[in-house]
Every structure is written in structure tokens, then in C-alpha cells.
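Undergrad: Please find one structure pasted underneath; my questions will follow.
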Amino acid sequence: MLHHRPRVVALLLGAVSTAALAQFSQPPITGPGPEVQRLQEQQAEQARERANARPDVFTPPAPVQTISLSALPKETPCFQIQSIVLEDNVFPWLADLLKPVSGQCVGKQGLEAIELQANNALIERGYVTSRVLIPKQNLAGGTLQLKVLPGRIGAIRNASDDNIGWARMVLLAGPGDLLNQRDLDQALESIRRLPGQSQTGYGFIEVHKDSKDVFFHITALQTRSIQPKPGDRVSFEIARGKDGRMQALRVTIVGAPKSTKDASASWGPALLGLTALVGIVTSALGGYLPRQVGIVSVIASIIAFAAYAVDKARASRNAWRIPEANLHLIALCGGWPGALAAQHLLRHKNRKVEFQVTFWATVALNIGVVALWKTLLSA
């Protein structure tokens, strides 16, 4: 069975403090904590179940327990609350939420209800890493202090070099901003709509309910014309990746028709690259271009084709890859005809939009430099 998980950007979040206690001048009342912890565990489990069961990326609001702050439990001992202080509060609506507490006599169960309701409200609004805690304090004075721990984004990084720039492009929030689940959902939806995004995705295959899921990269799919979805049965080979973990290779969706488009090379663009190389060499031999241009183009094109072949072979083994910057540098130095042929004959890097944009920029720059050189020599 296949569990497809969209790519997502990795977030380093600020640490969240542990639960606190409430203390009174009379016999101490142990502070809240277990209820909030159980709620968080339940919501985490529900999130995992939704990720496995739902093909879409939007996260539905987590069901939360309804607690009325207007009628807190009657208990003894309790303390009359006259005012509420929210320390480090960055949520203006939180003070309005807690207004009904003022004027009530609050005990242990009331404190648990206040903390739980405040955290429920944060989660309902998408602030899944922010917390409200009640620190140790004496409530005899009638003032209830709550500590707000905002969950902020510490840093944003890409999981690999295959999608450089996506995180900053699709995620509206940045380092230091409050983390909101709705922003992540919107980012995932934006990624899903990007052209060529399927080339940088990955998923997990469930082999057995009692065993760990097997990772696979989208490039391991043998049927590119059909996208996998949760519940599909697949056949695959097992291999160990460079990080030491097992992964699936040559993944095929059972029952999916084989597409000739998936197996065939794109000869049109490949012939364009070879024709361009022949034209450069012919122009150099005829004196229209410096002879050095023809020699460099032939050598660089051979190197480029070999580099693409090696990189594709390494990708199938999940071995160390040739940096994309190196491939672009070879193209810039005159190897772009060989690179263009390799992309479409080997079906490697030819569907990745960001790579293609940079590649054609190197082609234009190389042609411009050669034209300038020709102009200076003719002057």
C-alpha cells in the first residue's frame, strides 16, 4: 500500500517549555499538565491518521474539547480571580477569550479548564506549536498569571538540493514569524500546483502493518504518466541508500498500463543539440567563428553528456550526485549542445522547471559571449 506524503519544507522551531504548576498559600494545588499533554497526543495521532487517509493537503481543524469558561467547576479550596495577566502575549484575542474567568472562584479543576481551553483556542486557529501555561503562583491576591509561549519559525531549509528556492517562494512566513498550520497547508497546496513539482516529490510504501514504511523518490517511478495515490498496490526493488536506510527502486504501479512516452527518449530537442554542435564546428572550420570555439564546444559537449549520464546513474542508486551548478558551468563553457542532447536522450533534468530556466540562461549567455568575441575580432 502506498502512503503519499507531499514534499514539505523543514522547520526548526523554538523550544517549548514544559508544563507548569499552580501553587496557593493554602494547601497546594497541583497545576495542570496531564490533560493538555493527553490532548496534544490525541491531536498528533489524529494528524497522522489524516495524513495517511486524505489525498489532499489541507489540514482540517482538529476536534477539540468544548469547555465553558463562563461556568467553571465549583470546588474547595478556590480563589476569587479579579484580574488576569498574560505574560509575553502576542495573541490579542486571547485576553477576550479569558474575560469570563474574572469574578469566578477558581480551584484546581478550574485552572486545568482555563489552560486547556486557551490551548484549544490556539490549536483551532492553527498555532499548533504555541502554548499557554500557568506558572507557580499565589492566587490569594486575586491575580491569575498565564505564560504565553509563542511557537515561532527558527529557520527554513530545503530537504535536498532538488528544490532550492521553493521554501521561500511558497511559504509566506519566515524565520521569527509565528508558525501557523494554515500557512503550511497553503504552502503545500502551492507546491502541488507548481509545474514539474512531481519530479521532486517522494512517498512511502507500506509493506506490512507491523513493519516500517519504505521510502521512495518520485524518480524511482517507472510509470511517470500516472501519479501514485494512497491505496495503490506497487511492485518495487529494495536497496540501501547513501544515508543507510532502505529505499524502494523501480517502483511500478500494479495494473498501470505501460506508456511508450515514459520509455522513449525525446529525439526532437536532442537532435537540436546535435545540430547546434555541428553548426558550431562547421562555422569554426569555415572561419565564421574562432577555431577555439569549435574545439571547446566539442570537448565540453562530450564532458557534459558524460556528466549527465553519470549523474543519472548515481540518482538511480541514491549515490552522491553531481551538483547542478557543475552541470550549468559545463553548459556555460560551451557544452550546452551535449547537455541538451543528454537531457532528452537520457531523460534526465529535462522536466525540472528551475533547472531548465537556469540551463537556457547559460545557453543565452554562452551565445552572447561568443557573438561578442566574434565582433571584437572583426573590428
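Positions of Cβ are set from backbone N, Cα and C atoms, glycine also.
What TrEMBL shows for this protein is this:
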- 35-45: compositional bias 'Low complexity' (COMPBIAS)
- 193-253: domain 'CSD' (DOMAIN)
- 26-59: region 'Disordered' (REGION)
- 1-22: signal peptide (SIGNAL)
- 267-286: transmembrane segment (TRANSMEM)
- 293-310: transmembrane segment (TRANSMEM)
- 357-376: transmembrane segment (TRANSMEM)
Undergrad: Let me spell it out: take the transmembrane segment (267-286), skip the flanking residues so only those 6+ beyond its ends count, and list any with a Cβ under 8 Å from a Cβ in it.
TA: 292-295, 297-298, 301, 336-341, 343-345, 350
Undergrad: On the 0 to 100 scale, where does the mean pLDDT of the domain 'CSD' (193-253) fall?
TA: 70
